[in-house]
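Per Swiss-Prot, these features apply:
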| type | residues | note |
| --- | --- | --- |
| ZN_FING | 10-27 | zinc finger |
| BINDING | GLY96, SER97, PRO98, GLY99, VAL100, GLY101, LYS102, SER103 | ATP binding site |
| MOTIF | 253-257 | motif 'RadA KNRFG motif' |
| REGION | 351-448 | region 'Lon-protease-like' |
Amino acid sequence: MAKKTSLFECQHCGFTSPKWLGKCVQCNAWESFIELNQTQKEVLNALKKPLPQVQKSVSIAEIEHEEVIKFSSTQSELDIVLGGGIAKGGLYLVGGSPGVGKSTLLLKVASGLAKNQQKVLYVSGEESLSQIKMRATRLDCIEEELYLLNEINWPVIKANMESENYFACVIDSIQTLYSPEISSAPGSISQVREITFELMRLAKTRDIAIFIIGHITKEGSIAGPRVLEHMVDSVLYFEGDPSRELRILRSFKNRFGPTSEIGLFEMKEQGLVSAKEASSLFFSKEEPMEGSAITITLEGSRALILEIQALVSECSFGAPKRLANGFDTNRLNMLIALLEKKLEIPLNRHDVFINVSGGIKISEPACDLAVIASILSSFKNRKIDNKTAFLGEVSLNGRILEAPNLNARLKEMENYGFLKAILPKKPSQKTSIKCYEANVVGKIVEWM
């Protein structure tokens, strides 16, 4: 009798081994090997066999250029993030924490497309049809061309998508679907990977724009194999505190446009709506307080006015704390060391806390000057005029470097009635903002 052979596969990188391994030798993942059944082994072996006919390569100069056809998602902020709209045949992955509004946003998108007489399918494995209908009624999303399907069996969903000429499809969520051909539970890495691959083929062969909702892990990444993010055309993350109105949509991958844009939404009674006057959500118009400084950051092509808040308090014992919300803690430590060295401010005996209002995360160094100004304001208990903004990157030798795309930042200040700007060099274009030059960090003390 022939001995039964086993084959184990890593669920992260696909590495195969004839025996179970605790740690993958290729990607170093722990406890990631599962045993393949006979059908899966046959498929894997078939893929490794040489093809009977090899496709001939084509010169890139001979290939006809085809423009990517895009259409509006009916949500202006989502169109900005996607680079002008939804691409036909695009596969989009949307992740975010529970309750942030992923299903609400895509239900609004599906309803908007259906309102334009486009047939849209919304597949839900988490909610019943009556629950979706109740939510759609509350959001005013009832449309004749919006079709609902409550199903988790992938072959049934696939047959439904192939039987009708759908313009777009929403899968809510990928972790609830399962295929009987794969001997693992719904939401497992094998199930998610194989079903996503099938969705990718459907999107490309039938020109259907497909949105996939994905759960996230406790670390904040989308649950499932890393290959999932490589298979899709765009990866979008929905951020925001469910207890607050503001939501931020970020693009971390986009084959059809830039990845630096963000979309701003507000959770209202009628659901998620595109935010108007976005900058007003991130700074206070009240009387100035100690520890607050204004700056302007660029998110893609959009300039946003932000309020940096600092709290400096005397440390009673132990090592002082340095905590930052929305700002890089390592960069904060660097700026504190710079203040101690250049301005001889004894922050080594003080706790320093930084917060960026509105819950947005700063990724560019052009906000360094505002962080330093807010720390000095809190340390000296002096208020800074809330019509003054600080713009500039601070180097390790104490010099202040010019912020890129300065004219766009000053234009945003003009729109909201700001009067003064502290920066290393005056702008090349005329502006109503009164600009004061400060090329070294020591000159900031003059404004305290």
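Cβ from N, Cα, C; glycine included.
Considering other CB atoms within 10 Å as the measure, the emptiest surroundings among the binding-site residues SER97, SER103 are those of SER97.
Local packing around the binding-site residues GLY96, PRO98, GLY99, GLY101 was summarised as the count of other Cβ atoms within 10 Å of each Cβ; on this measure the leading residue is GLY96. Taking the mean position of the Cβ atoms of GLY96, SER97, PRO98, GLY99, VAL100, GLY101, LYS102, SER103 as the ATP site, the remaining residues of that chain whose Cβ falls within 8 Å of it are THR104, PHE238, PRO242. Mean per-residue pLDDT, taken over the zinc finger (10-27), amounts to 82.
Residue counts for the region 'Lon-protease-like' (351-448) under DSSP (helix as H, G, I; strand as E, B; rest coil) come to 36 helix, 24 strand, 38 coil. Counted within 10 Å of its Cβ, the other Cβ atoms near VAL100 (ATP binding site) come to 23, all protein chains included.
Taken residue by residue with DSSP, GLY96 (ATP binding site) is part of a strand. In sequence order, VAL94, GLY95, GLY96, ASP172, ILE213, PHE238 constitute the residues six or more apart from LYS102 (ATP binding site) in its chain with CB-CB distances below 8 Å.
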